[in-house]
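The annotation active site is assigned in Swiss-Prot to 218, 266. According to Swiss-Prot, the domain 'CARD' annotation covers 1-91. Swiss-Prot lists 84 with the feature phosphoserine.
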């Protein structure tokens, strides 16, 4: 069988397929009275040239009618199936039973690849398996929602000047990514919780493939500050509250769909910097007590309570996040820039890492964004324009 494969010239095999396609194509033109006899004879004389140099085919037909274009399109697309079938036929002794299934899988993959957004950047989406990415719904009939909560006015804390720039920037970004954006401003922790519950209950999520939750406010290590916050009486929206409202137990409409949380807020008063020498000693935390693990399972249905989340925060724990009264927050401005630059060809976590990399070299305003509480099981590509 190996000798049979070597004796067959693959170039000639492709020419045979191309010639067969063209002959069938010309017959259809004749039957439908698109070309007369003289024109058919003229085209017939060029078949050999077309077979050897197929890129001239389109040029030979551009002056014909739309009917010619439609017939050619049908035959040209079917040629991919002919080539695929011929390739599988060479191994029919070894895998005749599975060839049709493999072909169907390849064709299904090709259909999905055609739906990817065109990327003006030099890199194409690096997708090796369509099952490794979150499904993206068709634009028609899809109802993506995003929520922005921004607190700029507080009863006891300073005004967050420049926050209006962050709102406009994030709203424009998310709308261009296909999300209808809900904006809420100046809420207490209780009011934020109420708005989150209302947003989680929106019926549009049933016909959506993902959601974004954006929080911009003063903050502490414990969470996002509400408008009534002060040291004596904390007004804090905790991370756990957000995750609980949108987990699979309480928000079924977003089950198995990416839920992206973005937080612009301080997480302490530290500046996030330390002076180090070129050579240092590292210390490790130790514990005298042995690690004990107890596993319990209270779930009623066979699904993870918390899954498909990712949180991107503007700074590391205990440290500040910087904001300019004229340009808005550094984190938000960098985030918007890299989303616009790379969302067509990189998945979400890669974009987040590019934002982190932009903060890698410390300068006057030091902060390091962090990716936290990740439970996403696939790559999330945004495919802008789709």
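Using the three backbone atoms N, Cα and C, a Cβ is placed for every residue, glycine included.
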Compute the average pLDDT of the predicted model within the domain 'CARD' (1-91).
55
Neighbour tally for residue 266 (active site), based on other Cβ positions within 10 Å of its Cβ:
21
From the Cα of residue 218 (active site) across to the Cα of residue 266 (active site), what is the distance in angstrom?
6
Below 8 Å Cβ to Cβ and six or more residues apart, same chain only. Which residues does that give for residue 218 (active site)?
151, 154, 157, 158, 160, 224, 225, 229, 265, 266
Three-state secondary structure, which DSSP defines for residue 218 (active site):
coil
